[in-house]
(Lines of atoms letter the chains of each structure in order from A; the text may use other names.)
(Lines give C-alpha, C1' and ligand atoms only; values in the text may rest on other atoms or scores of the structure.)
Protein backbone atom coordinates (compact mmCIF):
# COMPACT_ATOMS: atom_id res chain seq x y z
CA UNK A 1 0.00 0.00 0.00
CA UNK A 2 1.24 3.43 -0.83
CA UNK A 3 1.63 5.78 2.02
CA UNK A 4 0.76 9.39 1.60
CA UNK A 5 4.00 11.26 1.07
CA UNK A 6 5.88 8.29 -0.32
CA UNK A 7 4.26 8.83 -3.71
CA UNK A 8 5.42 12.06 -5.37
CA UNK A 9 2.07 12.26 -7.18
CA UNK A 10 0.47 13.59 -4.01
CA UNK A 11 2.38 16.83 -4.42
CA UNK A 12 -0.01 17.92 -7.16
CA UNK A 13 -3.22 19.57 -6.01
CA UNK A 14 -6.51 17.84 -6.74
CA UNK A 15 -5.11 14.34 -7.18
CA UNK A 16 -7.46 12.79 -4.63
CA UNK A 17 -10.71 14.36 -5.92
CA UNK A 18 -9.77 13.50 -9.51
CA UNK A 19 -9.11 9.90 -8.56
CA UNK A 20 -12.45 9.80 -6.76
CA UNK A 21 -14.31 11.13 -9.81
CA UNK A 22 -12.63 8.61 -12.09
CA UNK A 23 -13.52 5.73 -9.79
CA UNK A 24 -17.10 6.95 -9.49
CA UNK A 25 -17.31 7.20 -13.28
CA UNK A 26 -16.05 3.64 -13.58
CA UNK A 27 -17.98 1.90 -10.87
CA UNK A 28 -21.10 3.93 -10.01
CA UNK A 29 -23.15 2.54 -12.92
CA UNK A 30 -22.25 -0.99 -11.85
CA UNK A 31 -23.29 -0.28 -8.26
CA UNK A 32 -26.59 1.15 -9.48
CA UNK A 33 -27.15 -1.89 -11.67
CA UNK A 34 -26.58 -4.22 -8.72
CA UNK A 35 -28.69 -2.10 -6.39
CA UNK A 36 -31.66 -2.09 -8.79
CA UNK A 37 -31.47 -5.87 -9.22
CA UNK A 38 -33.02 -5.90 -5.71
CA UNK A 39 -35.80 -3.49 -6.71
CA UNK A 40 -39.32 -4.70 -6.13
CA UNK A 41 -40.79 -2.58 -8.91
CA UNK A 42 -41.00 -4.00 -12.41
CA UNK A 43 -39.85 -0.67 -13.84
CA UNK A 44 -36.12 -0.63 -13.42
CA UNK A 45 -35.84 3.09 -12.73
CA UNK A 46 -38.33 3.48 -9.87
CA UNK A 47 -37.34 2.14 -6.46
CA UNK A 48 -40.21 0.83 -4.39
CA UNK A 49 -38.73 -1.79 -2.12
CA UNK A 50 -36.13 -4.52 -1.53
CA UNK A 51 -36.56 -8.05 -2.84
CA UNK A 52 -34.58 -11.14 -3.93
CA UNK A 53 -37.42 -12.19 -6.23
CA UNK A 54 -35.75 -11.28 -9.48
CA UNK A 55 -32.94 -13.71 -8.81
CA UNK A 56 -35.54 -16.41 -8.38
CA UNK A 57 -37.19 -15.39 -11.63
CA UNK A 58 -33.83 -15.58 -13.41
CA UNK A 59 -32.94 -18.98 -12.02
CA UNK A 60 -36.37 -20.35 -12.93
CA UNK A 61 -36.26 -19.04 -16.48
CA UNK A 62 -35.31 -22.04 -18.69
CA UNK A 63 -34.24 -19.75 -21.56
CA UNK A 64 -31.77 -17.90 -19.35
CA UNK A 65 -30.45 -21.12 -17.91
CA UNK A 66 -29.94 -22.53 -21.39
CA UNK A 67 -28.11 -19.36 -22.46
CA UNK A 68 -25.94 -19.57 -19.35
CA UNK A 69 -25.13 -23.20 -20.12
CA UNK A 70 -24.19 -22.26 -23.69
CA UNK A 71 -22.00 -19.45 -22.42
CA UNK A 72 -20.14 -21.79 -20.08
CA UNK A 73 -19.66 -24.46 -22.75
CA UNK A 74 -18.40 -21.90 -25.25
CA UNK A 75 -16.14 -20.13 -22.76
CA UNK A 76 -14.60 -23.35 -21.42
CA UNK A 77 -13.95 -24.86 -24.85
CA UNK A 78 -12.65 -21.62 -26.34
CA UNK A 79 -10.44 -21.00 -23.30
CA UNK A 80 -8.95 -24.46 -23.48
CA UNK A 81 -8.13 -24.29 -27.17
CA UNK A 82 -7.02 -20.66 -27.16
CA UNK A 83 -4.72 -21.21 -24.18
CA UNK A 84 -3.20 -24.31 -25.71
CA UNK A 85 -2.52 -22.44 -28.96
CA UNK A 86 -1.13 -19.51 -26.99
CA UNK A 87 1.29 -21.76 -25.06
CA UNK A 88 2.61 -23.32 -28.25
CA UNK A 89 2.85 -19.92 -29.96
CA UNK A 90 4.59 -18.43 -26.92
CA UNK A 91 7.16 -21.23 -26.81
CA UNK A 92 7.88 -20.87 -30.52
CA UNK A 93 8.17 -17.11 -30.32
CA UNK A 94 10.48 -16.92 -27.31
CA UNK A 95 12.57 -20.07 -27.51
CA UNK A 96 13.57 -19.62 -31.11
CA UNK A 97 14.47 -16.72 -33.29
CA UNK A 98 13.62 -16.69 -36.96
CA UNK A 99 13.15 -14.30 -39.84
CA UNK A 100 9.94 -12.30 -39.70
CA UNK A 101 9.43 -12.95 -35.99
CA UNK A 102 8.37 -9.33 -35.44
CA UNK A 103 5.79 -9.72 -38.18
CA UNK A 104 4.37 -12.87 -36.65
CA UNK A 105 4.14 -11.12 -33.31
CA UNK A 106 2.21 -8.27 -34.88
CA UNK A 107 -0.18 -10.67 -36.58
CA UNK A 108 -0.74 -12.48 -33.27
CA UNK A 109 -1.82 -9.21 -31.67
CA UNK A 110 -3.89 -8.05 -34.64
CA UNK A 111 -7.27 -9.28 -33.36
CA UNK A 112 -6.82 -6.83 -30.47
CA UNK A 113 -6.96 -3.83 -32.79
CA UNK A 114 -9.21 -5.06 -35.59
CA UNK A 115 -12.72 -3.70 -34.90
CA UNK A 116 -14.82 -6.52 -33.52
CA UNK A 117 -17.55 -5.90 -36.05
CA UNK A 118 -15.06 -6.54 -38.88
CA UNK A 119 -13.97 -9.82 -37.30
CA UNK A 120 -17.62 -10.74 -36.80
CA UNK A 121 -18.66 -10.10 -40.40
CA UNK A 122 -15.53 -11.80 -41.74
CA UNK A 123 -16.04 -14.86 -39.54
CA UNK A 124 -19.70 -15.12 -40.54
CA UNK A 125 -18.76 -14.85 -44.24
CA UNK A 126 -16.10 -17.49 -43.75
CA UNK A 127 -18.57 -19.95 -42.19
CA UNK A 128 -21.09 -19.27 -44.95
CA UNK A 129 -18.46 -19.78 -47.69
CA UNK A 130 -17.22 -23.11 -46.32
CA UNK A 131 -20.83 -24.07 -45.78
CA UNK A 132 -20.63 -24.65 -42.05
CA UNK A 133 -23.99 -24.67 -40.27
CA UNK A 134 -24.21 -21.95 -37.64
CA UNK A 135 -24.56 -23.35 -34.15
CA UNK A 136 -22.65 -23.73 -30.90
CA UNK A 137 -19.62 -25.08 -32.79
CA UNK A 138 -19.22 -21.96 -34.90
CA UNK A 139 -19.39 -19.81 -31.77
CA UNK A 140 -16.67 -21.90 -30.11
CA UNK A 141 -14.41 -21.64 -33.16
CA UNK A 142 -14.91 -17.88 -33.49
CA UNK A 143 -14.30 -17.35 -29.77
CA UNK A 144 -11.16 -19.48 -29.81
CA UNK A 145 -9.65 -17.36 -32.56
CA UNK A 146 -10.71 -14.16 -30.84
CA UNK A 147 -9.33 -15.26 -27.46
CA UNK A 148 -5.87 -16.42 -28.58
CA UNK A 149 -4.17 -13.00 -28.34
CA UNK A 150 -5.63 -12.43 -24.87
CA UNK A 151 -4.24 -15.75 -23.67
CA UNK A 152 -1.01 -15.22 -25.59
CA UNK A 153 0.07 -11.90 -24.08
CA UNK A 154 0.49 -12.94 -20.43
CA UNK A 155 2.03 -16.28 -21.44
CA UNK A 156 4.58 -14.62 -23.68
CA UNK A 157 5.37 -12.03 -21.02
CA UNK A 158 5.99 -14.81 -18.52
CA UNK A 159 8.21 -16.71 -20.96
CA UNK A 160 10.21 -13.62 -21.78
CA UNK A 161 10.76 -12.92 -18.11
CA UNK A 162 12.01 -16.46 -17.55
CA UNK A 163 15.78 -16.90 -17.29
CA UNK A 164 16.80 -19.00 -20.34
CA UNK A 165 19.63 -20.34 -18.18
CA UNK A 166 17.07 -22.36 -16.20
CA UNK A 167 16.24 -24.49 -19.22
CA UNK A 168 19.92 -24.78 -20.03
CA UNK A 169 20.58 -25.85 -16.47
CA UNK A 170 17.96 -28.59 -16.77
CA UNK A 171 19.49 -29.82 -20.03
CA UNK A 172 22.90 -29.64 -18.38
CA UNK A 173 21.54 -31.88 -15.61
CA UNK A 174 20.60 -34.60 -18.11
CA UNK A 175 16.94 -33.67 -18.65
CA UNK A 176 15.86 -34.29 -22.24
CA UNK A 177 13.80 -31.55 -23.95
CA UNK A 178 10.45 -33.04 -22.90
CA UNK A 179 11.44 -33.41 -19.24
CA UNK A 180 12.98 -29.95 -19.27
CA UNK A 181 9.60 -28.66 -20.39
CA UNK A 182 7.61 -30.68 -17.87
CA UNK A 183 9.84 -30.16 -14.85
CA UNK A 184 11.11 -26.62 -15.37
CA UNK A 185 9.38 -24.62 -18.11
CA UNK A 186 5.80 -25.62 -17.41
CA UNK A 187 5.82 -25.10 -13.61
CA UNK A 188 7.41 -21.69 -14.05
CA UNK A 189 5.02 -20.80 -16.84
CA UNK A 190 1.96 -21.81 -14.83
CA UNK A 191 1.01 -18.36 -13.48
CA UNK A 192 1.16 -16.98 -17.03
CA UNK A 193 -1.01 -19.82 -18.33
CA UNK A 194 -3.48 -19.23 -15.53
CA UNK A 195 -3.88 -15.52 -16.14
CA UNK A 196 -3.99 -16.09 -19.90
CA UNK A 197 -6.73 -18.69 -19.52
CA UNK A 198 -8.65 -16.51 -17.11
CA UNK A 199 -8.51 -13.55 -19.45
CA UNK A 200 -9.62 -15.72 -22.38
CA UNK A 201 -12.52 -17.11 -20.31
CA UNK A 202 -13.83 -13.73 -19.29
CA UNK A 203 -13.43 -12.29 -22.80
CA UNK A 204 -15.33 -15.24 -24.24
CA UNK A 205 -18.04 -15.00 -21.61
CA UNK A 206 -18.55 -11.37 -22.46
CA UNK A 207 -18.11 -11.18 -26.25
CA UNK A 208 -21.34 -10.04 -27.81
CA UNK A 209 -20.83 -8.82 -31.38
CA UNK A 210 -19.08 -11.91 -32.74
CA UNK A 211 -21.46 -14.25 -30.95
CA UNK A 212 -24.48 -12.36 -32.25
CA UNK A 213 -23.26 -12.85 -35.82
CA UNK A 214 -22.18 -16.48 -35.77
CA UNK A 215 -24.57 -18.03 -33.25
CA UNK A 216 -27.17 -20.19 -34.88
CA UNK A 217 -30.53 -21.18 -33.49
CA UNK A 218 -30.22 -22.66 -29.99
CA UNK A 219 -26.69 -21.30 -29.59
CA UNK A 220 -27.73 -18.13 -27.79
CA UNK A 221 -25.27 -17.09 -25.09
CA UNK A 222 -26.00 -14.92 -22.07
CA UNK A 223 -24.90 -11.56 -23.55
CA UNK A 224 -26.97 -12.22 -26.65
CA UNK A 225 -29.96 -13.21 -24.51
CA UNK A 226 -29.61 -10.11 -22.33
CA UNK A 227 -29.52 -7.96 -25.44
CA UNK A 228 -32.75 -9.59 -26.52
CA UNK A 229 -34.35 -8.88 -23.15
CA UNK A 230 -33.30 -5.25 -23.22
CA UNK A 231 -35.08 -4.68 -26.51
CA UNK A 232 -38.33 -5.37 -24.69
CA UNK A 233 -37.34 -3.03 -21.84
CA UNK A 234 -34.94 -2.90 -18.93
CA UNK A 235 -36.35 -4.93 -16.06
CA UNK A 236 -34.75 -5.85 -12.74
CA UNK A 237 -34.48 -9.33 -14.25
CA UNK A 238 -31.82 -8.00 -16.65
CA UNK A 239 -30.05 -6.38 -13.73
CA UNK A 240 -30.12 -9.65 -11.82
CA UNK A 241 -28.60 -11.63 -14.72
CA UNK A 242 -25.91 -9.00 -15.15
CA UNK A 243 -25.15 -9.03 -11.44
CA UNK A 244 -24.79 -12.82 -11.55
CA UNK A 245 -22.36 -12.59 -14.48
CA UNK A 246 -20.36 -10.03 -12.58
CA UNK A 247 -20.28 -12.39 -9.61
CA UNK A 248 -18.89 -15.19 -11.82
CA UNK A 249 -16.20 -12.86 -13.17
CA UNK A 250 -15.18 -11.70 -9.70
CA UNK A 251 -15.13 -15.28 -8.45
CA UNK A 252 -12.83 -16.19 -11.31
CA UNK A 253 -10.40 -13.35 -10.72
CA UNK A 254 -10.30 -14.07 -7.01
CA UNK A 255 -9.70 -17.75 -7.61
CA UNK A 256 -6.80 -17.17 -10.00
CA UNK A 257 -5.35 -14.59 -7.62
CA UNK A 258 -5.48 -17.09 -4.76
CA UNK A 259 -3.94 -19.87 -6.88
CA UNK A 260 -1.20 -17.46 -7.88
CA UNK A 261 -0.53 -16.74 -4.21
CA UNK A 262 -0.33 -20.42 -3.30
CA UNK A 263 2.02 -21.07 -6.20
CA UNK A 264 4.40 -18.52 -4.83
CA UNK B 1 51.18 -38.89 -12.98
CA UNK B 2 50.39 -40.55 -16.25
CA UNK B 3 46.71 -39.72 -16.21
CA UNK B 4 47.51 -36.03 -15.74
CA UNK B 5 48.85 -35.76 -19.26
CA UNK B 6 45.67 -37.20 -20.76
CA UNK B 7 43.31 -34.73 -22.38
CA UNK B 8 39.88 -34.33 -20.83
CA UNK B 9 38.84 -31.84 -23.47
CA UNK B 10 40.50 -31.01 -26.72
CA UNK B 11 39.58 -28.25 -29.15
CA UNK B 12 40.95 -28.37 -32.65
CA UNK B 13 40.61 -25.25 -34.80
CA UNK B 14 37.34 -24.65 -32.98
CA UNK B 15 35.42 -21.77 -34.49
CA UNK B 16 32.14 -20.14 -33.56
CA UNK B 17 30.53 -17.43 -35.64
CA UNK B 18 27.41 -15.59 -34.50
CA UNK B 19 25.10 -13.70 -36.83
CA UNK B 20 24.82 -10.35 -35.15
CA UNK B 21 22.75 -7.37 -36.26
CA UNK B 22 25.96 -5.72 -37.50
CA UNK B 23 27.15 -8.76 -39.46
CA UNK B 24 29.09 -11.82 -38.43
CA UNK B 25 30.87 -11.95 -35.11
CA UNK B 26 33.75 -14.37 -34.73
CA UNK B 27 33.47 -15.35 -31.08
CA UNK B 28 36.04 -18.12 -31.46
CA UNK B 29 38.63 -18.18 -34.21
CA UNK B 30 40.43 -21.48 -34.84
CA UNK B 31 41.10 -22.22 -31.20
CA UNK B 32 43.46 -25.10 -30.38
CA UNK B 33 43.40 -26.13 -26.76
CA UNK B 34 43.97 -29.13 -24.55
CA UNK B 35 42.51 -29.34 -21.06
CA UNK B 36 44.12 -32.12 -19.06
CA UNK B 37 42.35 -34.51 -16.74
CA UNK B 38 42.04 -33.47 -13.10
CA UNK B 39 43.40 -29.99 -13.61
CA UNK B 40 42.01 -26.64 -12.61
CA UNK B 41 41.98 -24.90 -15.96
CA UNK B 42 41.06 -21.24 -16.30
CA UNK B 43 39.89 -19.34 -19.35
CA UNK B 44 40.89 -15.75 -18.69
CA UNK B 45 40.13 -12.69 -20.74
CA UNK B 46 38.13 -9.48 -20.95
CA UNK B 47 34.41 -9.63 -21.72
CA UNK B 48 33.76 -10.52 -25.34
CA UNK B 49 37.00 -12.49 -25.73
CA UNK B 50 35.13 -15.75 -26.36
CA UNK B 51 35.78 -17.51 -23.06
CA UNK B 52 32.10 -18.00 -22.22
CA UNK B 53 31.37 -19.09 -25.79
CA UNK B 54 34.04 -21.78 -25.47
CA UNK B 55 32.46 -22.94 -22.21
CA UNK B 56 29.00 -23.03 -23.79
CA UNK B 57 30.35 -25.11 -26.68
CA UNK B 58 31.76 -27.63 -24.22
CA UNK B 59 28.45 -27.72 -22.33
CA UNK B 60 26.55 -28.14 -25.59
CA UNK B 61 24.41 -25.00 -25.41
CA UNK B 62 25.93 -23.80 -28.67
CA UNK B 63 27.01 -25.65 -31.78
CA UNK B 64 30.46 -24.94 -33.25
CA UNK B 65 30.64 -23.36 -36.69
CA UNK B 66 33.82 -25.22 -37.48
CA UNK B 67 36.60 -27.34 -36.05
CA UNK B 68 36.45 -30.24 -33.65
CA UNK B 69 35.63 -30.65 -30.00
CA UNK B 70 36.74 -33.84 -28.28
CA UNK B 71 35.98 -35.16 -24.82
CA UNK B 72 38.08 -38.14 -23.75
CA UNK B 73 39.13 -38.40 -27.37
CA UNK B 74 35.55 -38.65 -28.57
CA UNK B 75 33.91 -36.04 -30.84
CA UNK B 76 31.03 -34.49 -28.92
CA UNK B 77 30.10 -31.43 -30.97
CA UNK B 78 26.89 -33.10 -32.17
CA UNK B 79 25.80 -34.39 -28.78
CA UNK B 80 22.95 -32.52 -27.04
CA UNK B 81 23.79 -31.08 -23.60
CA UNK B 82 21.78 -33.68 -21.67
CA UNK B 83 24.01 -36.46 -23.03
CA UNK B 84 27.33 -34.90 -22.04
CA UNK B 85 29.11 -35.91 -18.85
CA UNK B 86 29.70 -32.29 -17.90
CA UNK B 87 27.88 -30.02 -15.50
CA UNK B 88 27.79 -26.26 -15.32
CA UNK B 89 27.77 -23.72 -12.53
CA UNK B 90 26.12 -20.68 -14.05
CA UNK B 91 27.05 -17.10 -13.39
CA UNK B 92 23.46 -16.39 -12.31
CA UNK B 93 23.38 -19.81 -10.53
CA UNK B 94 20.16 -20.70 -12.44
CA UNK B 95 18.70 -22.55 -9.45
CA UNK B 96 15.17 -23.80 -10.08
CA UNK B 97 13.05 -21.39 -8.03
CA UNK B 98 10.07 -23.76 -7.77
CA UNK B 99 12.10 -26.55 -6.18
CA UNK B 100 13.69 -26.91 -2.78
CA UNK B 101 17.44 -26.90 -2.31
CA UNK B 102 17.42 -30.69 -1.99
CA UNK B 103 15.31 -31.09 -5.15
CA UNK B 104 17.71 -28.81 -6.98
CA UNK B 105 20.76 -30.76 -5.89
CA UNK B 106 19.09 -34.10 -6.67
CA UNK B 107 17.73 -33.04 -10.06
CA UNK B 108 20.56 -34.45 -12.15
CA UNK B 109 20.54 -37.79 -10.29
CA UNK B 110 16.77 -37.99 -10.67
CA UNK B 111 17.09 -37.40 -14.41
CA UNK B 112 19.68 -40.18 -14.58
CA UNK B 113 17.09 -42.46 -12.98
CA UNK B 114 18.96 -43.19 -9.76
CA UNK B 115 16.95 -44.81 -6.93
CA UNK B 116 15.37 -42.46 -4.44
CA UNK B 117 17.42 -43.56 -1.40
CA UNK B 118 20.65 -43.06 -3.28
CA UNK B 119 19.59 -39.58 -4.36
CA UNK B 120 18.69 -38.69 -0.78
CA UNK B 121 22.03 -39.86 0.55
CA UNK B 122 24.02 -38.15 -2.16
CA UNK B 123 22.14 -34.88 -1.67
CA UNK B 124 22.95 -35.01 2.04
CA UNK B 125 26.59 -35.65 1.30
CA UNK B 126 26.76 -32.84 -1.25
CA UNK B 127 25.13 -30.35 1.09
CA UNK B 128 27.67 -31.35 3.74
CA UNK B 129 30.48 -30.92 1.22
CA UNK B 130 29.47 -27.31 0.55
CA UNK B 131 28.65 -26.75 4.25
CA UNK B 132 24.90 -26.34 3.83
CA UNK B 133 23.70 -29.15 6.11
CA UNK B 134 20.02 -28.87 6.97
CA UNK B 135 19.26 -26.38 4.19
CA UNK B 136 17.64 -29.07 2.02
CA UNK B 137 13.98 -28.15 2.60
CA UNK B 138 14.50 -24.44 1.92
CA UNK B 139 13.76 -22.62 -1.30
CA UNK B 140 16.62 -20.97 -3.21
CA UNK B 141 15.16 -17.50 -2.65
CA UNK B 142 15.43 -18.03 1.13
CA UNK B 143 19.21 -18.28 0.86
CA UNK B 144 21.90 -15.64 0.63
CA UNK B 145 23.93 -15.13 -2.54
CA UNK B 146 26.86 -17.09 -1.18
CA UNK B 147 24.61 -19.97 -0.13
CA UNK B 148 22.86 -20.04 -3.52
CA UNK B 149 26.25 -20.19 -5.16
CA UNK B 150 27.15 -23.22 -3.07
CA UNK B 151 23.84 -24.92 -3.90
CA UNK B 152 24.66 -24.41 -7.58
CA UNK B 153 28.03 -25.99 -6.94
CA UNK B 154 26.51 -28.93 -5.06
CA UNK B 155 23.92 -29.43 -7.80
CA UNK B 156 26.64 -29.69 -10.42
CA UNK B 157 29.02 -31.84 -8.37
CA UNK B 158 26.30 -34.27 -7.23
CA UNK B 159 26.39 -35.96 -10.62
CA UNK B 160 30.13 -36.62 -10.44
CA UNK B 161 30.72 -35.13 -13.88
CA UNK B 162 33.94 -35.74 -15.75
CA UNK B 163 34.27 -32.02 -16.24
CA UNK B 164 32.82 -29.17 -14.20
CA UNK B 165 32.29 -25.91 -16.06
CA UNK B 166 32.20 -22.72 -14.02
CA UNK B 167 31.07 -19.52 -15.72
CA UNK B 168 32.29 -16.60 -13.59
CA UNK B 169 30.60 -18.17 -10.57
CA UNK B 170 32.07 -15.76 -8.05
CA UNK B 171 31.41 -12.48 -9.81
CA UNK B 172 28.17 -11.76 -7.94
CA UNK B 173 29.72 -12.22 -4.51
CA UNK B 174 31.26 -9.52 -2.39
CA UNK B 175 35.00 -9.35 -1.89
CA UNK B 176 35.32 -11.31 1.35
CA UNK B 177 32.94 -14.08 0.30
CA UNK B 178 34.71 -14.31 -3.03
CA UNK B 179 38.04 -14.91 -1.31
CA UNK B 180 36.46 -17.64 0.84
CA UNK B 181 34.86 -19.31 -2.16
CA UNK B 182 38.12 -19.24 -4.10
CA UNK B 183 39.76 -21.34 -1.41
CA UNK B 184 36.63 -23.50 -1.16
CA UNK B 185 36.60 -24.19 -4.90
CA UNK B 186 40.26 -25.09 -4.90
CA UNK B 187 39.62 -27.47 -1.99
CA UNK B 188 36.65 -29.09 -3.76
CA UNK B 189 38.66 -29.53 -6.91
CA UNK B 190 41.50 -31.35 -5.19
CA UNK B 191 39.09 -33.39 -3.04
CA UNK B 192 36.91 -34.57 -5.92
CA UNK B 193 39.60 -34.82 -8.57
CA UNK B 194 37.16 -33.52 -11.16
CA UNK B 195 38.50 -31.43 -14.04
CA UNK B 196 37.45 -27.82 -13.46
CA UNK B 197 37.14 -25.39 -16.35
CA UNK B 198 36.79 -21.97 -14.83
CA UNK B 199 35.89 -18.82 -16.74
CA UNK B 200 36.83 -15.44 -15.32
CA UNK B 201 37.89 -11.95 -16.29
CA UNK B 202 39.60 -11.48 -12.92
CA UNK B 203 43.34 -12.06 -13.38
CA UNK B 204 44.01 -12.32 -9.67
CA UNK B 205 41.34 -15.02 -9.31
CA UNK B 206 42.93 -16.88 -12.23
CA UNK B 207 46.43 -16.66 -10.79
CA UNK B 208 45.49 -17.83 -7.31
CA UNK B 209 43.29 -20.79 -8.28
CA UNK B 210 44.50 -22.31 -11.52
CA UNK B 211 46.85 -25.11 -12.43
CA UNK B 212 46.96 -23.66 -15.93
CA UNK B 213 45.54 -20.56 -17.54
CA UNK B 214 44.56 -19.81 -21.12
CA UNK B 215 44.56 -16.08 -21.82
CA UNK B 216 42.05 -15.17 -24.50
CA UNK B 217 41.41 -12.08 -26.55
CA UNK B 218 39.15 -11.49 -29.56
CA UNK B 219 38.30 -15.16 -30.00
CA UNK B 220 41.91 -16.32 -29.88
CA UNK B 221 43.96 -18.10 -27.24
CA UNK B 222 47.09 -15.99 -26.84
CA UNK B 223 49.01 -17.99 -24.30
CA UNK B 224 48.55 -21.12 -22.21
CA UNK B 225 50.63 -21.85 -19.16
CA UNK B 226 50.90 -22.10 -15.40
CA UNK B 227 50.17 -18.93 -13.41
CA UNK B 228 53.91 -18.39 -12.94
CA UNK B 229 54.61 -18.80 -16.65
CA UNK B 230 51.81 -16.45 -17.60
CA UNK B 231 52.85 -13.83 -15.09
CA UNK B 232 56.62 -14.14 -15.38
CA UNK B 233 56.90 -14.91 -19.08
CA UNK B 234 54.11 -13.23 -20.99
CA UNK B 235 54.75 -13.65 -24.70
CA UNK B 236 52.55 -10.87 -26.00
CA UNK B 237 51.87 -7.28 -25.14
CA UNK B 238 48.22 -8.14 -24.44
CA UNK B 239 49.04 -10.86 -21.91
CA UNK B 240 51.69 -8.74 -20.22
CA UNK B 241 49.27 -5.85 -19.95
CA UNK B 242 46.19 -7.86 -18.94
CA UNK B 243 47.84 -9.93 -16.20
CA UNK B 244 49.03 -7.64 -13.46
CA UNK B 245 50.68 -4.30 -13.96
CA UNK B 246 53.43 -3.97 -16.53
CA UNK B 247 55.82 -1.31 -17.76
CA UNK B 248 56.20 -1.40 -21.51
CA UNK B 249 59.37 -0.02 -23.07
CA UNK B 250 60.06 0.24 -26.78
CA UNK B 251 63.51 0.16 -28.29
CA UNK B 252 66.00 -1.73 -30.40
CA UNK B 253 68.04 -4.86 -29.84
CA UNK B 254 71.34 -3.12 -30.35
CA UNK B 255 74.12 -5.50 -29.39
CA UNK B 256 74.82 -9.14 -28.59
CA UNK B 257 77.49 -9.86 -26.03
CA UNK B 258 78.96 -13.10 -24.75
CA UNK B 259 76.32 -13.87 -22.14
CA UNK B 260 73.83 -11.07 -22.51
CA UNK B 261 72.05 -8.69 -24.86
CA UNK B 262 71.85 -4.93 -24.93
CA UNK B 263 68.72 -2.93 -25.71
CA UNK B 264 68.75 0.70 -26.70
CA UNK B 265 65.57 2.38 -25.45
CA UNK B 266 63.60 5.04 -27.32
CA UNK B 267 63.43 6.98 -24.08
CA UNK B 268 67.21 6.98 -23.90
CA UNK B 269 69.57 4.73 -22.01
CA UNK B 270 70.65 1.14 -22.32
CA UNK B 271 69.24 -2.01 -20.70
CA UNK B 272 70.96 -5.32 -20.31
CA UNK B 273 68.80 -8.40 -20.90
CA UNK B 274 69.05 -12.17 -21.30
CA UNK B 275 66.45 -13.20 -23.87
CA UNK B 276 66.09 -11.95 -27.42
CA UNK B 277 62.53 -13.19 -28.01
CA UNK B 278 63.64 -14.55 -31.40
CA UNK B 279 64.67 -11.14 -32.70
CA UNK B 280 67.73 -10.37 -34.77
CA UNK B 281 70.24 -7.74 -33.85
CA UNK B 282 68.94 -4.34 -34.84
CA UNK B 283 65.25 -5.35 -34.65
CA UNK B 284 62.67 -3.16 -32.90
CA UNK B 285 61.38 -4.73 -29.71
CA UNK B 286 58.86 -4.15 -26.95
CA UNK B 287 60.08 -4.95 -23.47
CA UNK B 288 57.96 -5.67 -20.42
CA UNK B 289 59.09 -5.11 -16.85
CA UNK B 290 56.97 -5.86 -13.78
CA UNK B 291 56.81 -2.92 -11.34
CA UNK B 292 58.08 -5.06 -8.45
CA UNK B 293 61.15 -6.16 -10.43
CA UNK B 294 62.59 -2.66 -10.74
CA UNK B 295 64.46 -0.67 -8.11
CA UNK B 296 65.03 3.01 -7.71
CA UNK B 297 68.01 4.69 -6.16
CA UNK B 298 69.43 8.19 -5.83
CA UNK B 299 72.67 7.58 -7.63
CA UNK B 300 74.56 4.93 -9.57
CA UNK B 301 73.92 3.50 -12.98
CA UNK B 302 70.45 2.87 -14.38
CA UNK B 303 67.83 4.72 -16.37
CA UNK B 304 67.31 8.36 -15.52
CA UNK B 305 63.81 9.15 -14.31
CA UNK B 306 61.81 11.74 -12.42
CA UNK B 307 59.27 10.90 -9.70
CA UNK B 308 55.85 12.23 -10.70
CA UNK B 309 53.76 10.76 -7.93
CA UNK B 310 54.12 8.56 -4.90
CA UNK B 311 51.15 6.40 -3.90
CA UNK B 312 51.16 4.68 -0.54
CA UNK B 313 49.30 1.33 -0.40
CA UNK B 314 50.16 0.13 3.07
CA UNK B 315 51.95 -3.08 2.12
CA UNK B 316 53.84 -1.29 -0.62
CA UNK B 317 54.47 2.06 -2.24
CA UNK B 318 54.06 2.81 -5.94
CA UNK B 319 56.41 5.31 -7.54
CA UNK B 320 55.02 6.73 -10.76
CA UNK B 321 58.03 7.81 -12.79
CA UNK B 322 58.68 9.27 -16.18
CA UNK B 323 61.70 8.23 -18.22
CA UNK B 324 60.85 10.89 -20.80
CA UNK B 325 57.71 12.70 -21.98
CA UNK B 326 56.20 9.59 -23.62
CA UNK B 327 57.35 6.91 -21.25
CA UNK B 328 55.75 6.40 -17.85
CA UNK B 329 57.23 3.78 -15.57
CA UNK B 330 55.94 2.37 -12.31
CA UNK B 331 58.13 0.93 -9.57
CA UNK B 332 56.56 -0.96 -6.70
CA UNK B 333 58.53 -0.97 -3.51
CA UNK B 334 57.54 -3.27 -0.67
CA UNK B 335 57.42 -1.42 2.65
CA UNK B 336 59.60 -3.62 4.78
CA UNK B 337 60.88 -0.95 7.10
CA UNK B 338 59.35 2.32 8.30
CA UNK B 339 56.36 3.95 6.67
CA UNK B 340 58.10 7.10 5.53
CA UNK B 341 59.06 7.23 1.88
CA UNK B 342 62.72 7.43 1.11
CA UNK B 343 62.05 9.62 -1.89
CA UNK B 344 60.03 12.69 -2.61
CA UNK B 345 57.97 13.93 -5.50
CA UNK B 346 59.86 15.66 -8.31
CA UNK B 347 63.16 14.03 -7.38
CA UNK B 348 65.53 12.84 -10.11
CA UNK B 349 66.33 9.15 -9.59
CA UNK B 350 67.89 6.13 -11.25
CA UNK B 351 65.95 2.97 -12.17
CA UNK B 352 67.79 -0.32 -12.18
CA UNK B 353 66.31 -3.48 -13.67
CA UNK B 354 67.99 -6.83 -13.31
CA UNK B 355 68.57 -8.57 -16.70
CA UNK B 356 66.37 -11.57 -15.84
CA UNK B 357 63.37 -9.29 -15.21
CA UNK B 358 63.23 -8.10 -18.80
CA UNK B 359 60.77 -9.85 -21.13
CA UNK B 360 60.78 -9.40 -24.87
CA UNK B 361 57.22 -9.41 -26.24
CA UNK B 362 56.15 -10.77 -29.59
CA UNK B 363 54.15 -7.75 -30.67
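Just so it is clear, glycine is given a Cβ too, placed from its N, Cα and C backbone atoms.
Residue ranges A:136-155, A:156-175 are listed, and TrEMBL annotates A:136-155 among them as transmembrane segment. If one looks beyond the transmembrane segment (A:136-155) by at least 6 residues along the same chain, the residues whose Cβ comes under 8 Å of a Cβ in the stretch are 70, 73-75, 77-79, 81-83, 85-87, 89-90, 108-112, 119-120, 123, 127, 189, 192-193, 195-197, 199-200, 203-204, 207, 210-211, 214-216, 218-219, 221. A Cβ distance under 8 Å defines the sequence-distant neighbours of the transmembrane segment (A:184-203), meaning residues of its chain 6+ beyond its ends; these are 75-76, 78-80, 82-83, 86-87, 90-91, 146-148, 150-159, 162, 166-167, 169-170, 175, 249, 252-253, 256, 259-260, 263.
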